[in-house]
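Here the structure comes first, spelled out in structure tokens, and everything after it is commentary.
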Amino acid sequence: MIAPVRCYVLRTNNPFGGGSGGGEWAVVAVVGGVQVSGRGVVAEEEAGEGAGAGGGSAVPGPAGERGAAAPLTSAAPGGDYDYEGFSRLTGAMEERLPPGAYRVAYQGLRGRAGFAGVWVGLLVGLAPLMAAGVLVWLLWPGHWVVRDGWLGSVDAVMLASVGLVEVFRVVNVVSVAHASCVARDPVPVRAQPGARVAFCTTFVPGKEPLAMVSATLEGAVRVGYDGLVDVWLLDEGDDPGARALCKRLGVRHFSRKGVARYNRPSGKYRARTKHGNYNAWLDAHGHGYDFVACVDTDHVPLPNFLERMLGYFRDPDVAFVVGPQVYGNYSARVTKAAESQQFLFHALVQRAGNRYGSPMFVGTSNCVRVSVLQQIGGFYDSITEDMATGLEIHRRKNPATGRRWRSVYTPDVLAVGEGPSSWTDFFSQQLRWSRGTFETLLRQFGRAVWSLSPGRLWNYCLLVAYYPMAAMTWVLGGVSCVLFLGLGATGINVPSQVWLMLYGDAAVLQICLYVVNRRHNVSPHEPEGSSGVAGMVMSAVSAPLYARAMGQALLRRRSGFVVTPKGASASGDCTATFRTHLWWACMFGVCLVASVFLGHSSLAMRVWAGMALITALGPAGVWLADRARERWPSGRGTGDGPAVSRPLTQHSAA
């Protein structure tokens with residue numbers, strides 16, 4: 001079935017661009033009789049009335065009427081997402097700059113005054129202290145179990161495993177507490193006019209629907225800036241449909257297909273990779289621009305994208321500016337939880353990077369100096385080229401000033417993308433992100449350590465430690481279960497009631513620190529005051545995948561760049577999707593059953609094994625429940641189950 005998609009250009013009195021006087025042109029997509037606009041979703045008839053009442057006028061846009069692969073759904077039936085407001089989270093732009101050379105100025109996070117600030121301060125101090133206290137108490141020499149023979153050796157391994165798991169937990173709490181203390185936002189300033197900007201996105205035919213590319217390019221051509229802006233499509237397959245689309249929209253088209261020197265088995269021009277595609281374009285056309293703005297193919301930029309990013313480049317030492325990632329196809333259960341999972345990174349960790357001038361480079365939404373990319377030899381050869389490229393930039397100095405290159409993270413939501421809508425695509429995304437981090441640690445980080453300032457080194461250590469700690473915690477937890485429940489190892493002997501009380505108190509403080517920071521969420525989709533439990537659960541169920549990625553990296557198994565399928569090309573789920581989780585579930589289940597027959601009983605270990613078993617079975621259980629509900633008429637049309645559809649809108653993933 002093909003759902004008709006009609007695009008309009010709507011002149012509004014409440015502009016997204018933030019310019020003075022009059023309204024701004026914004027694109028609106030009407031999908032199957034439903035309008036998905038930047039302010040929410042309303043019926044097409046209501047949209048027409050609203051436009052008239054608001055003084056706007058709708059005229060056919062350049063896209064005209066076209067077909068798009070169905071099924072297509074709205075971003076949030078009945079929802080009202082304030083993309084305009086979330087594109088200005090840092091506040092109004094400063095019109096007057098202070099005298100002298102401009103340097104990016106920063107401001108504290110909003111909502112930290114009065115009691116809220118005191119509450120955050122208490123949690124920042126108490127949560128790490130409590131976690132460290134539990135660690136010291138648990139590993140106190142008086143609690144060690146000393147036995148002779150092979151059991152003594154197994155006990156030592158058990159002690160080390162438990163100790164490392166607790167150390168990782170303390171580091172995690174310290175990381176969140178540190179980010180809570182130093183997180184800050186940049187003060188936005190007006191962009192300097194007259195620069196030459198290339199606005200680029202990539203396209204992989206067969207993996208990304210042309211309708212998605214069309215909506216992204218339609219958004220890009222409406223991005224405002226007082227200077228030269230060329231919109232480019234970097235087409236990996238030289239697709240005729242993409243060429244025709246670019247011609248119709250006035251977008252410039254580039255393809256490296258058939259050019260041998262731009263398609264290498266490895267290196268900067270590695271074939272079938274995002275970084276290879278960008279590097280080929282940089283070599284061919286990059287010299288004609290001052291800045292290159294990039295969004296992923298599924299990320300539709302807002303009209304004020306460049307206005308809110310380019311101002312920071314008045315500081316000559318700013319190499320790149322990045323924004324957050326949010327998912328406009330906010331209807332599938334997996335998508336909602338996947339966006340919630342990213343809360344800590346985009347709301348705290350990246351903001352903490354502003355303290356050291358080293359927020360991580362994120363490929364979904366960014367703007368970077370072309371001269372910096374040329375200085376480091378282009379985008380880095382990695383399956384997570386963004387983080388690796390950012391690390392290379394932060395190692396270098398600006399040859400004009402002699403100071404280190406800096407980066408800026410703005411929480412302003414300036415592009416809205418598409419998140420994974422199935423477990424298959426979510427697992428693929430998490431495997432790629434974690435595998436890329438492990439490869440960075442093994443291949444690149446050792447060299448970078450000696451060329452980073454202490455503050456940046458600290459920031460990057462906290463950044464790259466997440467995946468290894470999550471993977472090791474999961475693996476060591478499994479090792480501990482096998483050693484105790486299967487072999488009877490002990491390692492530590494503590495009263496179960498005391499352990500449960502102390503561990504529970506530490507966990508409550510850790511969760512409170514997480515929840516109290518939810519007020520700084522940058523997602524326009526999650527309800528205000530939401531707890532973020534879905535995100536915490538999603539992080540937990542990802543741990544087996546991180547362990548798998550760690551094993552592959554250590555074994556040096558070849559990895560390739562995988563494009564997450566989008567739109568109608570999104571992957572479906574099957575039993576094989578959950579094979580990694582089911583393997584771990586079998587292991588924990590066998591350990592629990594064996595402990596009953598062998599008489600190895602411990603409250604702490606059985607609680608851990610039980611929680612791990614539930615975590616491993618959870619995704620498959622949710623998938624089966626969704627499938628069962630789809631078979632019953634009462635479960636249809638709820639919008640809660642998995643979906644492979646996506647909205648087509650100016651301000652949501654398209």
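Placement of Cβ uses the backbone N, Cα and C atoms for every residue, glycine included.
Predicted, not measured: the structure shown is a model, and the values here were computed from it.
Given the ranges 45-75, 386-416, 510-540, the record in TrEMBL names 45-75 as region 'Disordered'. No contact links the transmembrane segment (582-601) to the transmembrane segment (498-516), because fewer than 3 Cβ pairs that are 6 or more residues apart lie under 8 A. Within its own chain, the transmembrane segment (498-516) is flanked in space by residues 116, 119-120, 123-124, 126-127, 130-131, 133-134, 137-138, 172-173, 176-177, 180, 344, 531-532, 536, 603-604, 607, which lie at least six positions past its ends and keep a Cβ under 8 Å from the stretch. Using a Cβ-Cβ cut-off under 8 Å and counting only residues 6 or more beyond its ends in the same chain, the transmembrane segment (457-486) has close neighbours at 154, 157-158, 161-162, 164-165, 168-169, 171-172, 175, 178-179, 349, 352-353, 355-356, 358, 360, 387, 391, 394, 433-434, 437-438, 440-441, 445, 448-449, 539, 542-544, 546-547, 549-550, 584, 587-588, 590-592, 594-595, 598, 600, 602, 605-606, 608-609, 612.
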